[in-house]
Structure formats: structure tokens, C-alpha cells
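If you look up Swiss-Prot, you'll see 87, 135, 154, 195, 232, 293, 329, 382, 398, 602, 607, 628 (among others) marked as N-linked glycosylation site, on the strength of sequence analysis. Look at Swiss-Prot and you will find 130-154 tagged as region 'V1'. Here Swiss-Prot flags 155-194 as region 'V2', drawing on sequence analysis. What Swiss-Prot records for 565-583 is region 'Immunosuppression', and it gives sequence analysis as the kind of evidence. The annotation region 'MPER' is assigned in Swiss-Prot to 653-674 on the grounds of sequence analysis. For 710-736, the entry in Swiss-Prot reads region 'Disordered'. Annotation comment: Swiss-Prot describes 697-847 as topological domain 'Cytoplasmic'. The transmembrane segment annotation in Swiss-Prot covers 676-696 and is backed by sequence analysis.
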């Protein structure tokens, strides 16, 4: 019987398979991006950190202890590097600059520490009996007018001597500003701050001469500098550079006028946090300085008064010659030219209004007058002549020639930084005093209120908050924290490769650490090697300078703020470097500048293409792009590295086969020799086994072999039985193999025999296994069919039983229901028949 097959059409399956294969190929062709770690990228973030100071060692007299304690600063760099950041725009804000606050706190702390070991003048808080000091002669001085009557008081008082229970009467000269009368008789006085402050006398060798201080950032941080010549103090700056230290800033403590500061490069610049708010101070930076020469013509002497055991009070003993008033001289022409430039800027800011300069509206002497330190004495000069003019369209007063002379008064008891409860007594300076300074800026305030005219703006000198003084110098700086670790997507994925030494050969051009900040991420100018090396070398160099300064001045560290800051900067720099290295170690990137990872790049972090990222964006722009996801990426890299370390044991086994060239390594030759000896020994053993088996076989057949190479006739087939010579007949040719000679031939013959033997046995084994598998498969299939039929049978039986059960239940329920209905009907009929039965009963009764 012939079975006719049915031909099926599989064309649609071929088409579907081809389409599916094409889709898979297209999907597999899409490039997958992976996270790559870069170390040494020019990225920074705004930060606040502890700055330390640097100062020129030759800038101060070693015999005098200046109040700024610059002897504890590190030496300035003879070749400071300033690296311009091209194509970089950075926001600056001089009004919210932590450097200003830090400098203010540092200067206050330096004054406090400088005055700690000095004498407290509490014993001088006694009644002073004073009279006005008169000139020694009646002649008039031609240099400058005499001091006002009563400006200097000759006071006598009682103090404790070196023996505590013994009092002694002393006398000294005090300025009128330093004493206040007790009674109305104008003969009893007391020191001005005795009721409110603890007066500390400055130590005899303390100098208040301002010395340039360079503020420096620790390693791992940098100071950005704005070089825009017309920068107004806040907003974006397009000309940015990076420095390690600021320029030398003189901590000049003055009000109204800024002295010995930096000048503007292109015209006068006015800066304010909010020009519309009259409560905000206006800081004016001049283009050309105006020289101010101050003099105290009095030839004073200084005397020492013992006020207790081991304590001395230094006071003015006498004035040699006439008593003349201190004063300052300013060129009237230069000052009016300066005001003219300032008026031009003010009118541009506030509209073409009339600008009026007036004297201070009142307050403490430090604010009402121009206060500053001159040669160790604190001058308070009346600045009314400087601020007493009206300007209409840059047209001011005509009497601009000549010299402007400012009368000055001197105070020895001054409030420190306008702090409550702290006052200082400056010991008098011997001889005459002369000092020359440069006015480089002004502090102005603008009048406000309803009474102010719409056509006039009134400006008055201000000051008092020393933060504005430091702000006038630090306006162009900001501190940033360098973030050398960067992540970006690339096509490279981390793979387990052989461990080998690798040489980093990136560009050798020195651009500085942040020199490539304005370049694109893929630019060749991104020299990661130089930048990474500078991180560590900068730390090492900085620590060497710090340690050198600390070692030289260790006996003074306990008296200065700078020593503590240097130690903080040292620890902070090392911590910053170790933190980055710890992250690299956790990620498996130690010692690498470019480190691939096995973390896939998520498009939700940034869906920009590689070309947009690497050719059009800087590292700073890229960092702002992914800033919200940086911590997540770091976590994923760490988890990926942990997973890789778990698999390291298995991968090490495969690592030996990573390259065939390792097979020829001389360290493996002994292993190869060992394997060769084992193979030869195995072959010899097999030869012996086969020889013994052949001998046993021959002996069983009745032969006596003469040698190991003696061959025996091969057995005939079953269709050709063997015979003997006596039986006659033609002998068949025996199947035999030729004898072999030589070791190699013998080895080859044995190997061939072994291979044939192994092949035949393996083939037989495979055939047997296939037969067994086939048999097991057939039996298994039959068993499955049997169990399937059995299962089907029992399912049918269960189904039938269930149907029968349901039928029986239904029948029983139906029968029970019929019985119940019948009983109910009978009961109903009984009730219905009750009246009939009653009627029948009555009928029977009547009958």
C-alpha cells in the first residue's frame, strides 16, 4: 500500500524568518554607550574652605612684631603662575564672598591674639585731675596752626607701685578725645571707656604698619580671578584666570577713604549691592591714586609708669617745643579731578542729576571723621573740605588749585572694630610722625527719604564696616573646589584583559591644571596626565612650604591664627587627595587616568550624542548637565566593580589562555617537559600492556613467539575455516602487517594502534549508547502513551462517576420534593375540608 504525501508551502515562513533576522541585525547594530571615568578633568564647584596666608619675608622688620603676624605665613612664590581660562564665563559676587568674611574674622583674631599678652589698664580707671596743657613758648609756629585749647590734658593720678599696698602719684598727658569729665568743674576726668570696656595697652614693640598679605587656597582648591576691567562686582565675567594666591592685600584699617589699595585699569568704577537701596554702601575704585601726606608735628616723649608688679603703662611725658595740630595735605587739583570722574559715573548710574557731596551726617568719631593709623598713632581727620561741593553736569567748584589741609585729632583709646566691650590703648610714639599714603578708593552713602529732590543726589562719606575695605580688594576673587573626577559616555566597555604594564603617553604640553577648562571635552589640549600630576605635586610642594614655615616659627604658632590655618590647609589638602584616590580604588581605577566601566549609559541622564558631548561641550558644561545624576552613577560604578571582583576567581582561570604567546613563556618550559615525560611514559606503559596481551594471546593459541615483533596469522573469516597441511588444499594468504624498526616508527605504530583501538571502542560505545537512548526513548514514549491513556481512562471514569452521582442526587431530590409536595397538598386539603367536615357533622347531628 502506497501512502501519498501532502506537499506543504513554507514560503511565508521563509519571509517571516528573513524579516525577523533583519530586525535583529538592525537592533544589534545600534551602538551601546558605557560610563567612562576620567581623572584630571578641569571641573570646579563653588566652595568655602580655610585659606592660609603668604607674605614676603623682607616686607617687615624682624625686630618688630607686627600685629598682622606675617612672620608665621609661608613665603610668597617668586614666580606666581596665573593661567588664563579661555572660553570660560564664570559668575562672581563680591557681596556674598566668603573670602571677605574669612579675612574679617582673621584680622579681628589677629588683633585679639596680638593684644592677649599685653597689659590691661584697669588700674588707670581712677579719677584723673587734669589741666589744659599750654605751649612752652609764646611764639607762633609758621608750619601749622596751634592745637586748640584743651586738646591735650595734663593729668595727675594715683597708681599702685611695685608694692601693692603703696600708692604713688604720677602724671601723664592725655588727648581730649580719650577722657571725659566727671564733675562740672572740668578738673576731674576719667578714661573714656572705663565704664563699658576693658582697655588693653598694645605691647611696646607691636607695629600697626600694614603688610601685604596674600590669601592662598589649599591644594585641591583654586582661586578664580576676574580680569574684566569694568567688572561691577557681581554677574558673569568672561575674562577669567586661575591663581593659587591673591595679590598682596594691605589690611588698612580706615574709614571714608580707602588707602594703599589697588586701582582700576580703565576709569573709575563704582560698585554697590543695590544702587536703588540708599542703605547700601557704594564702593568707589579710582583709576589714579591721590596722595595724602599726614604729619604730627609735635615732638613727643614717652615715659613708663609702673601700675603694679610687672606691669607698665606708657604715656606721653612731655612735648618738646610748641603744641601744634596734626594735619593731612591733599592736592586740591588732583582731588577735584578725581571727584569729576566719580561724578561722571554717578550721573551715568542715577541719571543726569546734580551730584552733591556733603560731610558725614553723624555718629561715632570713626565714621564722622576719616580715621586711619599713621606711624602707630590713630588719626581722626575732619574730611569736610573733601566732601563739600556741588556738581552739575561735571561742573564743580572753581577754586580747585592749592592744597587741601585736613585738621586731624589723635586718639589713643580706640574701639576695636566697633565691638562692644573691647578697647585698645595705643602707646604714644616718640618724636615727630610723618606718613604718606595713596587714596585708591572711597566709601559713599546716598541720602534717601521723601525730602530728597528728584533732581539732586546727595552723597556722604561712609565706612565703619571693615568688610567693605576687604571687599574692595577681594571683589575679583572667588574660591572653587576642584573636582578632578568626571564621568562621560563612550563606546568602550570594561573587559577583563591580561595584566600588563601600560605607559601613559598623553600630551606633554603644560597648560596648567585648569588651563584646558574652556576647551571641548574631546580636544587634544586636555592633558589629563599633567593635571593629575599637578594635584599631587601641588600638595607636596605646598606641604613642604607649610612645614618649613611651621618649623621656623613653631615657637610663635601658639600666638597666631595663621599657624592653625596652615595646619588646617595641610590636613584638608591630603584629605581631598585621599578621597579621590579612595573613589578610584573602589571603582577599580587606581593609577588610571581614563577608566572604562561595565555600567551602561542611561539616556535619561543625558540624551545628547557623542559628537554633541565631545566636540561641542566643555567639561564644566557637561558637569552641569549631569550634576543631578552624579551620585547615582558613582553608586552604579561601585556596584559593578563589586560584581566584577566576585567573578575575579573564575576569570583568573581564563586569564592564562588570553594569549597564545604565553605558551612560549620560558617559565612554562618545565611544565611542557613534564607533560612530554608523562606522554612518553604512558606510551611505554601501553606498549608493555599490548605486548603482554599479545604474548598471552599467542600462548593460548599454542604459539611460542621468538620476539616481540613476531607476527601470528590473522584469524580466517567464518566462511573460510582453517585447516592443516595434511588435509591438503590451497592455502590462503594470511593478513599480516610489516615489522617496524626504530623508536619513532615504533611510537607511531603504537599511537596508530592506540588511536584505532580507541576509535573502535568509542564507536562501539557510542552505538551502544545510541541504541540504549533509542530503546529508552521508545520505551519512554510507550510508557508516556500508556500513562496518557490510563490517565484519560480514569478521567473518563471520574467524569462518568460524577455524572452518575449528580443524576442520583437529582433523582433523590426530585423524589423528596414530590413527597413534600404531596404531604403539603394533603395538609392543605385537610384544612380545606374542615368546613365540609363540620357541616357534615352538623348534618349528622340534626339527623
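The first residue you see is number 1, and the count goes up from there.
Heads up, the Cβ atoms here are built off N, Cα and C, so glycines get one too.
Features as recorded by Swiss-Prot, highlighted on the structure.
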{"residue": "87", "record": "N-linked glycosylation site", "CB count, 10 Å": "12"}
{"residue": "154", "record": "N-linked glycosylation site", "CB count, 10 Å": "17"}
{"residue": "195", "record": "N-linked glycosylation site", "CB count, 10 Å": "9"}
{"residue": "232", "record": "N-linked glycosylation site", "CB count, 10 Å": "15"}
{"residue": "293", "record": "N-linked glycosylation site", "CB count, 10 Å": "15"}
{"residue": "329", "record": "N-linked glycosylation site", "CB count, 10 Å": "16"}
{"residue": "382", "record": "N-linked glycosylation site", "CB count, 10 Å": "17"}
{"residue": "602", "record": "N-linked glycosylation site", "CB count, 10 Å": "15"}
{"residue": "607", "record": "N-linked glycosylation site", "CB count, 10 Å": "9"}
{"residue": "628", "record": "N-linked glycosylation site", "CB count, 10 Å": "9"}
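In space, 232 is the closest of the glycosylation sites 87, 232, 607, 628 to residue 154 (N-linked glycosylation site), judged by Cα positions. Separation of the C-alpha atoms of residue 607 (N-linked glycosylation site) and residue 329 (N-linked glycosylation site): 68 Å, rounded to the nearest whole number. Between the CA atoms of residue 602 (N-linked glycosylation site) and residue 382 (N-linked glycosylation site) there is a gap of 69 Å, rounded to the nearest whole number. Secondary structure at residue 195 (N-linked glycosylation site), taken from DSSP and collapsed to helix, strand or coil, is coil. Residue 329 (N-linked glycosylation site) sits 5 Å from residue 293 (N-linked glycosylation site), taking the Cα positions as reference. Mean pLDDT for the region 'V2' (155-194) in this predicted model: 84.
Each residue contributes its Cα atom, and for residue 232 (N-linked glycosylation site) and residue 87 (N-linked glycosylation site) those atoms are 20 Å apart. Nearest by CA distance to residue 382 (N-linked glycosylation site), out of the glycosylation sites 87, 195, 293, 628, is 293.
Taken residue by residue with DSSP, residue 607 (N-linked glycosylation site) is part of neither helix nor strand, so it is coil.
With residue 628 (N-linked glycosylation site) as the anchor, the candidate glycosylation sites are 87, 195, 293, and the one with the nearest CA is 87. Residues in the region 'Immunosuppression' (565-583) partition by DSSP class (helix H, G, I; strand E, B; coil) as 19 helix, 0 strand, 0 coil. The secondary structure of residue 87 (N-linked glycosylation site), as reduced to three states from DSSP, is coil rather than helix or strand. The DSSP secondary structure for residue 602 (N-linked glycosylation site) is coil.
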